[in-house]
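**Q** Right, I'll just put the structure down here and ask away after.
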Amino acid sequence: MRALWIMAVLLLGVEGHLMQFENMIKKVTGRSGIWWYGSYGCYCGKGGQGLPQDASDRCCFVHDCCYGKVNGCDPKDDFYVYSSENRDIVCGEDNPCTKEICECDKAAAICFRDNMDTYQNKYWFYPSSNCNEESEPC
């Protein structure tokens, strides 16, 4: 029951395009991004520090790095256009900045799908106090 309450609170914090990212993850992996990756390891969810704990957490680390390279728009608020067919995502956008956001999200969703076998429940709601190592450069 506590986990459901926490997920409800996390959903309240999802704004703008982050719901698009949630939908994209669900289309590519068949899983809810908020439920499975909303608070996972050292990088999935809000913030990020230390070293990624496994390949799934590394997907979030790389996603954070990708967002850090986006210039001219806000990756967490700006909307983009994409289509999907059979779990394939096509970012279709005239605006190069929002297309870049879409490509970051697409890469993360594919990474989650390709690394689903690395997901470990012990990293779900992993305490940030365990993420004290020096972070890798992007």
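Here the Cβ of each residue, glycine as well, is placed from N, Cα and C on the backbone.
Computed from a predicted structure; not experimentally measured.
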**Q** Would you mind checking which of CYS59, CYS60, CYS65 shares a disulfide with CYS111 in Swiss-Prot?
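**A** In Swiss-Prot, CYS111 forms its disulfide bond with CYS59.
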**Q** According to Swiss-Prot, which candidate among CYS73, CYS91, CYS131 shares a disulfide with CYS102?
**A** CYS91
**Q** May I ask you to find which of ASP54, ASP64 Swiss-Prot records for the Ca(2+) site already listed with TYR43, GLY45, GLY47?
**A** ASP64
**Q** Which cysteine out of CYS60, CYS65 is the one Swiss-Prot pairs with CYS44 in a disulfide?
**A** CYS60
**Q** To the nearest whole angstrom, what is the C-alpha distance linking ASP105 (active site) and HIS63 (active site)?
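**A** Pair distance, Cα basis, whole Å: 7 Å.
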**Q** For the Ca(2+) site given as TYR43, GLY45, GLY47, ASP64, which other residues of the same chain have their Cβ within 8 Å of the site's Cβ centre?
**A** CYS42, CYS44, LYS46, GLY48, GLN49, CYS60, PHE61
